[in-house]
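In what follows, a single structure is set out as structure tokens and then discussed.
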Amino acid sequence: MNPLGFLTLAALVVAALAATPATQRTVSSHLTAQDQERFAKVFSEGLKSNDLQSLYYASANVALPAGDVTSTCKRLFTLHGESKLNDFEKNFYLIGARKNFGCKEALPAKVETAVKAALAKDATTAQEIYYNFHSAKLAGLAVDEKVRTTLGKNLQTVLKKDDSLNSLGHAFAVAAELGTAGSFAYDRIEEAFVQADEVDGKMLQFEGGLSITALIVNGGFKLATSLSKPAPITADQAVKFATYFLSRASVQTPKGVSVLLEALKLLASQKTIAPVCVRLAGNGQLLPESPVLSVRVCDLLGKPLSPALAALSTTVVSRTSNDALVSKVNLVPSKDDATLYTYNLKSTSPARGLYRVDVDAAPSYRQQLQVSVLGKVRVSSLEVGVGDTDSAASSVKRQSVAHPSKLATVLNADSQQKVVLKTALVDDASGKPITVHQCFVLLRHQETRQEIIFVAETDSSKAYKFEMDVGARAADFGHKSGLYEVRLIVGDALLSNSFQWHLADLELKFAAGDSQQQQSVDAAASSRKPLPEIVHQFRAPEKRPPRFVSDLFTALCIAPLVILFGLWAKLGVNVKNFPLSLGAIGFHLGLGAILVLFGIFWLRLNMFDTIRYLIPLALFTFICGNRMLRKIARGGSSEK
């Protein structure tokens, strides 16, 4: 091979290794004992339910106490009669629950007749075919080859009109029972699974949630198995579907729990593609005195693998330095728990920090986990002292305190002084200085138990220091003089011995007078009381105009009406030709009523109420006015 070809091959190999996924045919969770207990409770509640569907799914998963059979069967038949579900669906639930409970009551004749009749005629939906077919099977009715062929043709017709996910899922479940008559549906499996939605690159689900996803997965696998065909999905898709189903383990309905368990059992039984759970057995924290790595390996239901893994190896790598702590070592199976594998890292003396754990079970399973090795912190030294505010911190006289002792003397500080503290924290194993996530100095008043917390900062030598100007911080303390406890709080996610240390007592004296101190105390006390109730207030109305302006505006509005009546009186109003008819009288009454309504609107009504009254009045006035004008027009024509 020439050098160029060799380099190309090497590059391809490196790229392939880099592209190897961190996980392979593994998930990070499984059904726990707590999940199973909760499922049992859901089914137990379902047996007491007055919902026909819940009663059926509960009966399919748990046994009914012998003493409750008679009363439950009676309730079952009552619920069937009262149910508003489709006839084919409620008949299926009745027949199935009756068989599961072992009811002695005979199946109603009309139900059996309805099931027989449904098989003899063409259904309009795949869901109807599904329920009718399984009702017949549960009722013990004969479903011969002729009926299966007819159902297969009916199913093909239905799918041409409706190929939704719900329709395809029910069609797969029925086709799996039809033998060769249902083989046509296998060609539609890929069409269904390609519609799955991927979530965060980790899960696959179908639109419609748990029920539709379980329906299609269960139906697709059953159909492929009945025809001796390969699994309809790949191992990678099986992992993503399993991850979705496990994420729905909190479902609270009997139907949801039932279809969830059916789907997980089915995936776990597919030996060629079934994912397994590889996870940490504990909380992922390894104690320094006993750093035992514990890994749990089981199927999706939390049961031991059968057959058991031949070997399970692991590589532990530091996330800080990328150095391997151990490489390709075999985990030891536990004698008491078939799902538990352990490895003791004591001989490697792991340092405090985070580690990546690569777990491999050749050739199919690979999982990447993370553990933290805890360490212990030790107070190497601590100095505390009080000095003048304007003096340098290095010149303040300090006293040393050994952990976990307390300073024998009480420190005293007033508003012209400052308090300084410096401590060095080291790793207990190596003796090297370390930094922690939390290093606080807490001051607590011994009488009122009020606390104030300060953050200690690190310097260039990784020592933590704290400095407080008493006078400048007086407001933070509410000018409350008195004896305070000085406590050091040290905590970190990678420490097994986080602590709070009462290291000294400090007498603080603030310069505030009695009145100022009392105001501060009152302010602090009032800040802890309920605030006054917030009452909504509408905007205050604007100031009305003077009475003279209002009266003048009213007079100007009335003036045209006064002028009109005055002119009528001067000219002499002629009412002799007023037509005495219903139309004329109604028109003038309606017109007058409209004017009165406008006056009431001005005084008290709003626009919407006014329109509601105005519409019928306007229609009445319009009709009467039309009749009046028509009569006047006819009278004028006759005179000519």
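Cβ atoms here come from the backbone N, Cα and C positions, even for glycine.
For 1-18, the entry in TrEMBL reads signal peptide. The domain 'Ribophorin II N-terminal' annotation in TrEMBL covers 31-268. Taken from TrEMBL, the feature domain 'Ribophorin II second' applies to 276-373. Residues or ranges marked as domain 'Ribophorin II third' by TrEMBL: 381-508. Residues annotated as domain 'Ribophorin II C-terminal' in TrEMBL: 538-633. Residues annotated as transmembrane segment in TrEMBL: 548-568, 580-605, 611-629.
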- Query: Taking DSSP states H, G and I as helix and E and B as strand, how many residues of the domain 'Ribophorin II third' (381-508) are helix, strand and coil?
  - Reply: 6 helix, 69 strand, 53 coil
- Item | Structural state census, the domain 'Ribophorin II second' (276-373) (DSSP three-state) | 3 helix, 54 strand, 41 coil
- Query: In terms of Cβ proximity under 8 Å, which residues at least six beyond the ends of the transmembrane segment (580-605) contact it?
  - Reply: 613-614, 617-618, 620-621, 623-628, 630-631
- For the domain 'Ribophorin II C-terminal' (538-633), what does DSSP give as the number of helix, strand and coil residues? 74 helix, 0 strand, 22 coil
